[in-house]
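Structure record follows, encoded as structure tokens.
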């Protein structure tokens, strides 16, 4: 290898040429297939649109559950999917739209879902509890507060976007 | 780096003789287009194999989107053609490649036939080759139904009528292929998919293996 003039033998030259041409052919064959397969990773998410949920006048200081239905397009399959939120107005007259998904293992919580805790959210799966503002009660399974929906009020109607998780312990 | 990785493996499992068996052998002068240009006719077998590899790869990738169900088959094909990046190219490769395989296979068969290369001691390999030809035709036939459009549906109706025309067992053969005595539908599509994607490729790989092993054992036939 330390010769000053490195000779490329005919055999080596043909080897390189063959490898190069073969590699080029293999790459041009595989490139469209790989791009085809990884397409879902590179496609921008279409979620994030705000959905009209309820008239603001219906929101009270007690959490109420409101449902709304979204047309979900899943590639070649279109279906109606129902989402829900627990919404109330706090003492500063701010709207608090909480996600009903328990942060423990994803069951649905409900306000006053257990007679023993009439002013807490209760998850029936593992007795998880949350305060009215969504904070998880210590010594119950949930590790984090309930997620809060992005929201905005337009023309007296509440619009909700995606639930934003709040950090936990 | 590569050399060292190769050496590391080779030292332990001795792979050099393996790949020498596969790749390192002399090409006789009469098969080398550099000596006689007319020797290009010897390429058709290799080209058949090359296109088959494309078919296997593009087919594998297509199943990432395709579903063999009468409600969704056409829609999933439409989706992958119109919405997925390079969907047209990948399905195009599979679609056109299917025809190219048959053409190459046919040219290869013609070459072997007119050169008399099938004669003793290579009769067995000719027979295996004919079986490969049938498997390829069956692959083309079963794949044709999968997009579940009008053309696919009615082509399959005709296919089933041909199967029904077989003496004595025709009725049974048709039901076996169709999955139902009369309806060409949900069961037919599921069956054709299974045959196209699992059964026939398995048969094809086994036959191709035998085909290639016999070529290496017997060597290529001599000059005319």
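Cβ from N, Cα, C; glycine included.
The domain 'Cytochrome b/b6 N-terminal region profile' annotation in TrEMBL covers B:5-224.
Outside the transmembrane segment (B:39-67), and at least 6 residues removed from its termini, the chain residues within Cβ reach (under 8 Å) are 30-33, 73, 76-77, 79-80, 84, 87, 90-91, 93-94, 97-98, 100-101, 104-105, 107-108, 111, 115, 146, 197, 201, 204, 208, 220. The feature transmembrane segment is assigned by TrEMBL to B:39-67 (among others).
Residues or ranges marked as transmembrane segment by TrEMBL: B:96-114 (among others). Within the chain, the transmembrane segment (B:96-114) has long-range Cβ neighbours (under 8 A, six or more residues past its boundaries) at 41-42, 44-45, 47-48, 51-52, 54-55, 58, 126, 129, 132-133, 136-137, 139-140, 143.
The transmembrane segment annotation in TrEMBL covers B:126-146 (among others).
Marked as transmembrane segment by TrEMBL: B:192-215 (among others). Among residues of the same chain six or more beyond the transmembrane segment (B:192-215), those with a C-beta under 8 A of the stretch's C-beta atoms are 49, 52, 56, 59, 63, 68, 122, 124-125, 128-129, 131-132, 135-136, 138-139, 142-143, 145-146, 156.
Under 8 Å from some Cβ of the transmembrane segment (B:126-146) lie the Cβ atoms of residues 66, 68, 73, 77, 94, 98, 101-102, 105, 108-109, 112, 118, 152-153, 155-156, 159, 188-189, 192-193, 195-196, 200-201, 203-204, 207-208, 210-211, 214, all in the same chain and six or more residues away from its ends.
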